[in-house]
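Working notes, beginning with the structure itself.
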């Protein structure tokens, strides 16, 4: 929503010259609502889909491979979308066309995921009722994975332009304020998504979603995703209305393209023009995400398997224990998101007092401690240390409470992860005079490559050690410590006061 009066330069990937009207704080908040809508579905994806796909017959050791499309799409899609959105001359602005298109694809993909069991049943996976059939459902798994990969593709289409949009509109509010708003919407989306994932009442509220192919757990997932479609539609409309972008002037865009690389790999060619300090930020960001992805991908599965001693393909008791663990994991993520939302408004004052570098390094040390605790706690729960499984069961309640406490503990470092690297990137881009879309897109490479490593490696680690999720969490603790040391050595030094004063205005 444009305010009256002052205008600030938006820059723009393809050239400068277009002025973005100064936006009010309320308008900036509402313009970012799409981040909450996308994050709602992302929260459901993170909390429910790894456990659910195992009920379709995909073994635990292969579930991580399912996540490979996300980083591949992020590696190819988001940097290119960021670059092309910098140069977009649409009447809707540079970012909104990509945001709108991506949200449409998200809606399609989550519907495919939610109804994958019904599709598989219609294609002949089985003629038995889901209450008695426990075998593999290959058609359902195939459509599930297709929807999952399409969801990853569309998430990456929206994420970069949404962050760059905040950079374009922030103006005098500054990068930290814009990032705090973005992270707060992420927290809101997470809270709503994880709340949906932690309840087992959806099938009673919408009984018509239960079918012969889709029992209670499936109907709960289906309903949660359908609600996410409604919320995403609402948030997209609000963003399209309040993000009143000024279109990029075609003549200025064409002039800015002279001498710039073009084509599908233009973003990689454009890396040579990155501002000083950005390569070091990419390296530390990559190490930081390597420490996070094992927990992000397997947190609810960890609760179901290691902490609640369940199995998605086991006896009825084991399945019930597993589903309860997954719901408790989603509740832990809900608590994590509340801490994330509160912490997002503490990041700016901490960075101004301690510098962004110190806050970033501190968060990595906290993650190292948390991942070490997860590893020890899992071994204890399974009887590997502290006695046999029966002894572990005697203190089960305390272990489960400690597990939830770890979710809460990780809320603050996750707020740092979602904010500080992007704010530092925005400052470095502004110091060069632009290229916000390109810098944000390229930063995503240092996020998706770690996910590819974890997705490829965690399955073989499981097979090699036979310890489920424990090896991945042990490796995560090592990466977190490495990220902290690398941050101390490599991250660029920036004045404390610069964290707020540098504008996130997009670049040329």
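Just so it is clear, glycine is given a Cβ too, placed from its N, Cα and C backbone atoms.
According to TrEMBL, the transmembrane segment annotation covers 25-44 (among others).
Annotation comment: TrEMBL describes 64-85 (among others) as transmembrane segment.
Within the chain carrying the transmembrane segment (97-117), a Cβ under 8 angstroms from the stretch's Cβ atoms is held by residues 34, 37-38, 41, 44, 49, 56, 81, 84-85, 88, 90, 130, 137, 140-141, 143-144, 146-148, 150-151, 153-155, 157-158, 160-162, 165, 211, 213-214, 218, 221-222, 225-226, 228-229, 232-233, 236, 239-240, all 6 or more beyond its ends. Positions annotated as transmembrane segment by TrEMBL: 97-117 (among others).
Marked as transmembrane segment by TrEMBL: 137-153 (among others). Counting same-chain residues at least six beyond the ends of the transmembrane segment (137-153), those with a Cβ under 8 angstroms from any Cβ of the stretch are 41, 45, 49, 52-53, 56-58, 66-67, 69-70, 73-74, 77, 105-106, 108-113, 116-117, 119-121, 123-126, 213.
The list of residues near the transmembrane segment (281-298) in space but at least 6 beyond its ends in sequence, with Cβ under 8 angstroms from a Cβ of it, reads 46, 50, 64, 67, 360, 364, 367-368, 370-371, 374, 410, 414, 417, 421, 424-425, 428, 442-443, 445-447, 449-451, 453-455, 458, 469, 472-473, 475-477, 479-480, 482-483, 486-487, 490-492. The transmembrane segment feature in TrEMBL is assigned to 281-298 (among others).
Residues or ranges marked as transmembrane segment in TrEMBL: 359-382 (among others).
The transmembrane segment annotation in TrEMBL covers 402-426 (among others). Proximity of distant same-chain residues to the transmembrane segment (402-426), defined by a Cβ-Cβ separation under 8 Å and at least 6 residues beyond the stretch ends, is recorded for 163, 167, 175-176, 179-180, 182-183, 186, 278, 281, 284-285, 288-289, 292, 295, 299, 303, 307, 328-329, 331-333, 335-340, 342-344, 346-347, 351, 356, 359-360, 362-364, 366-367, 370, 373-374, 377, 436, 439-440, 443, 491-492, 494, 499, 502, 504.
The annotation transmembrane segment is assigned in TrEMBL to 438-458 (among others). Within its own chain, the transmembrane segment (438-458) has Cβ neighbours under 8 Å at 13, 64-68, 70-75, 78-83, 86, 156, 159-160, 163-164, 167, 267, 270-271, 274-275, 278, 281-283, 285-287, 289-290, 293-294, 297-298, 421-422, 425-426, 428-429, 469, 471-472, 475, 507, counting only residues six or more beyond its boundaries.
The annotation transmembrane segment is assigned in TrEMBL to 470-491 (among others).
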